[in-house]
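Taken verbatim from TrEMBL:
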COMPBIAS  100-109  compositional bias 'Basic and acidic residues'
COMPBIAS  110-122  compositional bias 'Basic residues'
REGION    86-122  region 'Disordered'
Amino acid sequence: MFEEHEGKSYSVSKVTFGAEPKDEEIYEFILTKYNKLKFVGAIMEKENSYLIKKENPKRLQRKIKRETKEQGIGTKAQVALKEQYENNKLEKKKHTKLQRSIEESEKFKLKQSKRKEKHKGH
(Lines of atoms letter the chains of each structure in order from A and count residues from 1; the text may use other names and numbers.)
(Lines give C-alpha, C1' and ligand atoms only; values in the text may rest on other atoms or scores of the structure.)
Protein backbone atom coordinates (compact mmCIF):
# COMPACT_ATOMS: atom_id res chain seq x y z
CA MET A 1 0.00 0.00 0.00
CA PHE A 2 1.50 3.33 -1.06
CA GLU A 3 0.24 6.57 0.48
CA GLU A 4 0.79 10.08 -0.84
CA HIS A 5 0.38 13.32 1.14
CA GLU A 6 0.30 16.64 -0.71
CA GLY A 7 -0.63 19.56 1.48
CA LYS A 8 -4.00 18.62 2.93
CA SER A 9 -4.89 16.04 0.28
CA TYR A 10 -4.31 12.33 0.76
CA SER A 11 -4.32 9.62 -1.91
CA VAL A 12 -3.51 5.92 -1.94
CA SER A 13 -2.49 3.15 -4.33
CA LYS A 14 -2.56 -0.59 -3.73
CA VAL A 15 -0.05 -3.05 -5.18
CA THR A 16 -0.13 -6.81 -4.60
CA PHE A 17 3.31 -8.43 -4.58
CA GLY A 18 2.53 -11.90 -3.31
CA ALA A 19 2.66 -13.75 -0.01
CA GLU A 20 5.85 -12.27 1.44
CA PRO A 21 7.79 -9.96 -0.87
CA LYS A 22 11.48 -9.49 -0.27
CA ASP A 23 12.94 -6.07 0.40
CA GLU A 24 14.82 -6.22 -2.92
CA GLU A 25 11.58 -6.78 -4.85
CA ILE A 26 9.92 -3.81 -3.20
CA TYR A 27 12.97 -1.60 -3.72
CA GLU A 28 13.19 -2.58 -7.40
CA PHE A 29 9.48 -1.89 -7.85
CA ILE A 30 9.84 1.56 -6.29
CA LEU A 31 12.78 2.40 -8.54
CA THR A 32 11.24 1.14 -11.79
CA LYS A 33 7.45 1.37 -11.57
CA TYR A 34 6.58 3.88 -8.84
CA ASN A 35 5.92 6.69 -11.33
CA LYS A 36 3.37 4.48 -13.16
CA LEU A 37 1.25 3.93 -10.04
CA LYS A 38 -2.31 5.20 -10.17
CA PHE A 39 -3.10 7.08 -6.97
CA VAL A 40 -6.79 7.44 -6.19
CA GLY A 41 -8.99 8.91 -3.53
CA ALA A 42 -7.65 12.42 -3.11
CA ILE A 43 -9.31 13.02 0.23
CA MET A 44 -9.11 16.43 1.81
CA GLU A 45 -8.15 16.05 5.44
CA LYS A 46 -10.63 17.55 7.86
CA GLU A 47 -9.55 19.50 10.86
CA ASN A 48 -11.02 18.27 14.12
CA SER A 49 -12.71 21.48 15.20
CA TYR A 50 -14.54 19.75 18.04
CA LEU A 51 -11.21 19.11 19.82
CA ILE A 52 -10.34 22.81 19.99
CA LYS A 53 -13.15 23.98 22.28
CA LYS A 54 -14.35 22.31 25.45
CA GLU A 55 -17.57 20.46 24.88
CA ASN A 56 -19.86 18.35 26.97
CA PRO A 57 -18.30 14.85 27.00
CA LYS A 58 -21.58 13.07 26.26
CA ARG A 59 -22.35 15.41 23.36
CA LEU A 60 -18.80 14.92 22.08
CA GLN A 61 -19.21 11.15 22.31
CA ARG A 62 -22.48 11.29 20.34
CA LYS A 63 -20.84 13.51 17.73
CA ILE A 64 -17.91 11.11 17.32
CA LYS A 65 -20.27 8.14 17.07
CA ARG A 66 -22.28 9.92 14.35
CA GLU A 67 -19.14 10.78 12.38
CA THR A 68 -17.73 7.26 12.55
CA LYS A 69 -21.09 5.88 11.46
CA GLU A 70 -21.05 8.18 8.41
CA GLN A 71 -17.38 7.63 7.59
CA GLY A 72 -16.96 4.04 8.65
CA ILE A 73 -14.12 2.73 10.71
CA GLY A 74 -10.76 2.17 9.05
CA THR A 75 -7.56 3.82 8.05
CA LYS A 76 -7.46 6.59 5.48
CA ALA A 77 -6.07 4.13 2.96
CA GLN A 78 -8.93 1.69 3.57
CA VAL A 79 -11.48 4.47 3.24
CA ALA A 80 -9.89 5.67 -0.02
CA LEU A 81 -9.81 2.16 -1.47
CA LYS A 82 -13.44 1.60 -0.46
CA GLU A 83 -14.39 4.87 -2.16
CA GLN A 84 -12.52 3.82 -5.32
CA TYR A 85 -14.30 0.45 -5.23
CA GLU A 86 -17.70 2.15 -4.95
CA ASN A 87 -16.89 4.52 -7.84
CA ASN A 88 -15.77 1.61 -10.03
CA LYS A 89 -18.94 -0.27 -9.12
CA LEU A 90 -21.12 2.69 -10.16
CA GLU A 91 -19.23 3.10 -13.45
CA LYS A 92 -19.59 -0.60 -14.21
CA LYS A 93 -23.31 -0.46 -13.41
CA LYS A 94 -23.81 2.50 -15.78
CA HIS A 95 -21.82 0.76 -18.51
CA THR A 96 -23.80 -2.47 -18.11
CA LYS A 97 -27.11 -0.60 -18.22
CA LEU A 98 -26.03 1.22 -21.39
CA GLN A 99 -24.94 -2.04 -23.04
CA ARG A 100 -28.22 -3.71 -22.12
CA SER A 101 -30.28 -0.85 -23.58
CA ILE A 102 -28.23 -0.94 -26.79
CA GLU A 103 -28.77 -4.70 -27.12
CA GLU A 104 -32.50 -4.33 -26.49
CA SER A 105 -32.83 -1.58 -29.11
CA GLU A 106 -30.92 -3.69 -31.66
CA LYS A 107 -33.16 -6.67 -30.89
CA PHE A 108 -36.24 -4.49 -31.31
CA LYS A 109 -35.01 -3.12 -34.67
CA LEU A 110 -34.29 -6.64 -35.89
CA LYS A 111 -37.76 -7.78 -34.83
CA GLN A 112 -39.36 -4.79 -36.62
CA SER A 113 -37.43 -5.44 -39.81
CA LYS A 114 -38.48 -9.11 -39.76
CA ARG A 115 -42.12 -8.08 -39.32
CA LYS A 116 -41.87 -5.68 -42.27
CA GLU A 117 -40.23 -8.39 -44.36
CA LYS A 118 -43.10 -10.80 -43.61
CA HIS A 119 -45.73 -8.25 -44.65
CA LYS A 120 -44.01 -7.11 -47.85
CA GLY A 121 -45.16 -10.03 -49.92
CA HIS A 122 -43.32 -12.04 -52.54
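Positions of Cβ are set from backbone N, Cα and C atoms, glycine also.
Automated prediction, rather than curation, is the source of TrEMBL annotations.
A quick note: this is a predicted structure, and the numbers were derived from the prediction, not measured.
Residues of the same chain that lie 6 or more positions beyond the ends of the compositional bias 'Basic residues' (110-122) place no CB under 8 Å from a CB of it. Per DSSP, the secondary structure of the compositional bias 'Basic residues' (110-122) breaks down as 11 helix, 0 strand, 2 coil. When DSSP labels each residue, the compositional bias 'Basic and acidic residues' (100-109) comes out as 10 helix, 0 strand, 0 coil, counted as helix, strand and coil in that order.
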